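Annotated features in TrEMBL:
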- 2-229: domain 'Glutamine amidotransferase type-2' (DOMAIN)
- 290-429: domain 'SIS' (DOMAIN)
- 456-592: domain 'SIS' (DOMAIN)
Ligand code: F6R
């Protein structure tokens with residue numbers, strides 16, 4: 001997580017410009033933020049604050065054409081100003097921003113403390129800046145090199161000592177360059193115009209695009225020196241120079257606005273109509289190529305995290321039902337411990353909205369090493385996942401601004417359904433079901449249905465626990481709906497496979513415990529109904545999400561039947577309930593506590 005951004009050049013009001021860059025990276029973490037800039041005397045000045053950037057400005061910081069900034073998602077040390085980045089060394093002449101976890105920070109810290117370094121934060125990051133300070137001081141003693149070269153070499157040597165997946169940008173008061181290094185965490189260099197003598201560094205290319213489209217995506221184990229007129233990449237291992245190629249990207253990035261909606265989450269729930277329509281009419285040639293790849297693979301695995309993992313799990317039911325094809329599912333963070341059996345014939349499909357989730361990328365890299373073919377179903381063009389994969393399918397859901405994922409989930413389901421129908425030679429049928437799902441979503445978004453959900457949310461907002469059940473494809477929908485409820489409203493919600501109730505879970509049901517059941521018109525209906533009856537017999541308050549009413553429902557949310565595609569409107573009903581519960585609780589669903597949109601640490 002964490003967003004890092006550095007600018008050097010002739011741009012006007014550089015600290016403010018870095019702040020704007022940080023705002024575009026805030027989805028990576030919003031616990032606290034900070035910016036360091038150089039003053040006319042070449043001294044480092046820092047402003048740090050806890051909380052979101054909001055309407056803050058950095059007018060008090062000096063502007064001398066060079067600044068770096070950080071937006072934090074805490075890993076080591078609480079959310080305090082002291083723990084916010086940038087961090088300074090003892091002399092106040094070196095400052096660092098960091099994304100990742102320095103796994104051996106304690107080991108590195110002890111000898112530094114012995115040597116007299118004073119630590120002012122509880123972070124792992126601060127170790128980096130003292131280590132650089134220490135190595136640089138040693139280096140300078142017998143150096144025949146320039147200050148800049150000594151600085152770059154010290155960063156390289158320090159970074160080599162750090163274990164874990166990390167990216168850092170470092171500024172040294174006398175050097176007029178940034179030195180950055182990366183291993184695992186993403187870092188992109190932007191080459192600005194010659195007239196502006198400007199260059200940039202950021203953890204996400206999108207933050208650089210307002211300045212330049214001339215980009216270099218740093219590879220692991222590289223160190224770069226970035227000045228006004230120079231960009232020099234070196235190998236981390238031995239410091240030798242590397243020839244690199246910049247690429248000109250022509251991505252069109254649409255700036256999303258909330259418009260008439262109170263929150264991005266609600267807007268993105270509505271966006272699903274258009275997204276699903278566009279999947280229904282997606283280019284079948286591209287999809288057929290991917291379907292053929294799945295058909296010929298000897299073992300297909302779908303992996304993702306959180307919401308994306310639930311889409312993968314839904315995919316196993318989709319491929320089994322529609323294409324009679326077995327695909328395996330794993331949570332991406334577990335797949336790394338499960339992949340010993342992969343061969344060159346294996347196909348691993350990574351599902352991700354951001355394309356930056358480190359647990360996913362790490363497992364995919366391991367799968368790649370074993371010779372497996374990698375496919376991405378990803379929303380963000382140019383993301384790490386996009387670049388790492390052998391084949392890619394862009395979800396084209398448009399940018400998701402709310403931290404709580406909605407439209408990327410249903411886009412994944414829709415594409416998986418289309419792929420399975422194409423594999424079964426029934427593309428038109430797939431399209432028809434998807435269009436039915438669009439109609440069902442439209443019905444859910446009408447005011448009378450929303451009023452029902454609002455009323456329900458008012459009743460449930462004060463509850464401690466909500467349980468959700470489903471069987472077959474409705475099982476991942478129960479899991480996903482529970483996640484929407486808990487991550488945004490902070491109410492404890494758990495999804496279960498309906499059949500598992502009597503194996504333990506039913507012990508949790510008391511008088512008036514809210515129990516939500518997903519009952520589409522498929523072979524799971526009667527069994528899920530039995531589960532709900534068992535919950536009702538223990539006092540549960542039964543909420544049915546179904547194509548038809550049943551007398552045991554205390555509350556009923558009607559969702560029209562659209563075959564296996566009913567999973568899509570059912571998921572949308574779960575999203576809306578999560579959204580209105582959040583509003584009831586007064587939480588901002590676009591930025592719930594403790595979360596980040598892009599999970600780039602393990
Ligand atoms: C939940 C949510 C997360 C993400 C997960 C994976 O609403 O957003 O569970 O789905 O962190 O993220 P991506 O899809 O970007 O890999």
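Using the three backbone atoms N, Cα and C, a Cβ is placed for every residue, glycine included.
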Q | the domain 'SIS' (456-592) - residue tally per DSSP class, helix then strand then coil | A | 63 helix, 30 strand, 44 coil
Q) For the domain 'SIS' (290-429), what are the DSSP-based totals of helix, strand and coil residues? A) 68 helix, 25 strand, 47 coil
**Q.** Per-region confidence, the domain 'Glutamine amidotransferase type-2' (2-229) (mean pLDDT, whole number)
**A.** 94
